[in-house]
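Enquirer: First the structure, then my questions, so here it is.
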Amino acid sequence: MLDAFSRVVVTSDAKAAYVGGSDLQSLKSFINDGNKRLDAVNYIVSNASCIVSDAVSGMICENPGLIAPGGNCYTNRRMAACLRDGEIILRYVSYALLAGDSSVLDDRCLNGLKETYIALGVPTASSSRAVSIMKATATAFITNTASGRKVEVAAGDCQALQAEAASYFDKVGSSID
């Protein structure tokens, strides 16, 4: 996983060049948006349990067979595993958002996830749906539009961060499908 600074250094080093020009400008923008990025990650991690439990509840409401005998969320052990997986996915999305780089998702979360779910008989459509619900909830926190929950936000538009976070959730969802 490379953060924005490491990426610039590695790229410049590969070219045997000093860091400068557009690379410095991109780092300057990254720093200027740093407080918004930190706030966005804080909103997600502060509400992680709510985001994950709402996503799993929504997934179950849309597919009640998941909690029927034989369903993948039937028994406390399976429900706990489902919630745990949601927490892990959300945690890695927050890491990616903090770093401004999705490689942590590829390296530590998504590599083999679909194959594992298939081997365990986990319905990938339901898992993907839970991820899309997490996406909607998390991005609402980032833009401070989550119903019933308003927080003090850093000044400025957070649409770019919302789109970035959404792209990470989309990456997770498409890797499961």
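Just so you know, glycine gets a Cβ as well, placed from its N, Cα and C.
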Enquirer: Quick one: which of Asn42, Asn47, Asn72, Asn76 has N4-methylasparagine in Swiss-Prot?
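Expert: So the answer, going by Swiss-Prot, is Asn72.
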Enquirer: Just to verify a number: CA distance, Asp54 (phycourobilin binding site) to Arg77 ((2R,3E)-phycoerythrobilin 1 binding site), in angstrom, no decimals.
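Expert: Cα-Cα, rounded: 18 Å.
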Enquirer: Which one is it: of the binding-site residues Cys50, Cys82, Cys158, which Cβ has the fewest other Cβ atoms within 10 Å in this structure?
Expert: Cys50
Enquirer: Restricting to the record's (2R,3E)-phycoerythrobilin 2-binding residues (Asn35, Asp39, Cys158), give me the longest CA-CA distance in Å as a whole number.
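Expert: Roughly 11 Å, rounded to the nearest whole number.
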Enquirer: Here are some binding-site residues: Arg77, Arg78, Arg84. Which one has the most Cβ atoms within 10 Å of its Cβ?
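Expert: Its Cβ has the most other Cβ atoms within 10 Å: Arg78.
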